[in-house]
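Student: Supplied in structure tokens, the structure appears directly below.
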Amino acid sequence: LSVVVAPLLLVALQLAGAASAAGLPVVINTWAFRKAAETAWRVLQLGGSELDAVERGCGQCEIDQCDGSVGYGGSPDESGETTLDAMIMDGNSMEVGAVADLRRVKNAIGVARKVIEYTKHTLLVGESASLFAVRMGFPYEDLTTQNSLSVYSKWLNQSCQPNYWKNVVPDSSKSCGPYKRPEKVTCKEEGTISQRSVHNHDTIGMVVIGASGTVASGTSTNGAIHKIPGRVGDSPIAGAGSYADSTAGGAAATGDGDIMMRFLPSYQAVEYMRMGTDPTVACQKVISRIQKYAPRFFGAIICANTTGSYGAACNKIPGFTQFHFMVSSPLLGQPTEQVVDCI
């Protein structure tokens with residue numbers, strides 16, 4: 001019997017290996033950002049590394065100002081300025097480069113890559129991150145555009161609504177401030193649903209898995225619109241915005257970073273996949289964990305493992321019932337938009 005079973009087993013294992021190899025390389029990114037997917041895929045086809053693909057793919061969104069929520073000229077903060085956050089992670093060495101509250105430099109993920117290559121640090125922030133960028137050869141450029149100025153002035157004209165303050169005087173739901181804390185604090189429970197909608201995504205997140213199973217990931221964003229200056233969300237935080245581990249897989253998140261970053265969703269998803277959980281189920285489990293504490297949060301996550309299997313999940317709220325993302329792999333022929341129903 002064993003003589004018969006052994007060759008059959010061998011064939012089965014070979015088929016499994018062939019199936020997994022056929023699914024690689026794979027590029028997966030949040031939202032229907034097709035040009036970003038195409039750029040990353042092209043970099044891989046031309047022999048670029050997984051990190052190159054992530055950097056160029058996310059960089060494409062910075063150039064295209066994807067949905068106004070990545071790159072310059074979008075999501076002005078309370079003072080009308082656009083600032084950028086980005087990270088990139090190498091799943092082989094577990095090195096991370098990240099920048100947050102980056103000002104007057106357009107190519108945020110490019111600067112994040114330089115943090116890996118030329119420093120022993122992981123995260124640089126604010127004015128000092130901009131000075132580092134200039135040392136690395138990036139030009140200073142104005143990130144403000146006519147569009148971001150008009151978004152800002154419209155917001156001022158509607159009494160600075162919506163904004164991110166709470167428990168302050170004057171009442172932040174009716175006025176522009178300046179705010180201060182009241183003499184006596186009376187904490188009101190925030191009843192408002194996430195102010196963002198599907199038309200206000202805030203991140204490109206990307207996972208690239210090379211032909212040999214090597215994983216890289218990255219994100220780029222201009223953050224929450226009308227954020228309090230200095231606010232940093234999930235995008236540039238390793239394990240929150242994205243996470244890559246070549247022994248398991250990669251994940252990237254998008255949505256309400258203030259809530260999502262508290263759960264390290266990308267790290268958690270990769271850990272589920274490490275335990276053998278299917279990528280789609282890993283993504284769903286992460287969303288379910290956050291739902292327990294914030295049932296009405298706006299968010300989604302993409303997951304891919306080292307065999308090229310992938311999946312995504314999102315939290316169902318009014319106006320956001322499906323999540324669109326891009327996948328490129330040899331099995332698809334070209335970058336393809338995919339959709340999941342939110343849970």
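Glycine is no exception: its Cβ is also placed from the backbone N, Cα and C atoms.
The signal peptide feature in TrEMBL is assigned to 1-21. Residues annotated as active site, nucleophile in TrEMBL: Thr203. Here TrEMBL flags Arg231, Val232, Gly233, Asp234, Thr254, Gly255, Asp256, Gly257 as substrate binding site.
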Student: Could you round the CA separation between Gly255 (substrate binding site) and Thr203 (active site, nucleophile) to a whole angstrom and send it over?
Tutor: 7
Student: Find, for the listed binding-site residues Gly233, Gly257, the residue with the lowest Cβ contact count at a 10 Å cut-off, counting only other Cβ atoms.
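Tutor: Each of the binding-site residues Gly233, Gly257 was scored by Cβ atoms within 10 Å; lowest is Gly233.
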Student: Thr203 (active site, nucleophile): which of the binding-site residues Arg231, Val232, Gly257 is the nearest Cα neighbour?
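Tutor: Considering only the listed binding-site residues, the nearest one is Gly257.
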Student: Among the binding-site residues Asp234, Asp256, which residue has its Cβ surrounded by the fewest other Cβ atoms within 10 Å?
Tutor: Asp256
Student: Using a 10 Å cut-off, grab the number of neighbouring Cβ atoms around the Cβ of Val232 (substrate binding site), all chains included.
Tutor: 21
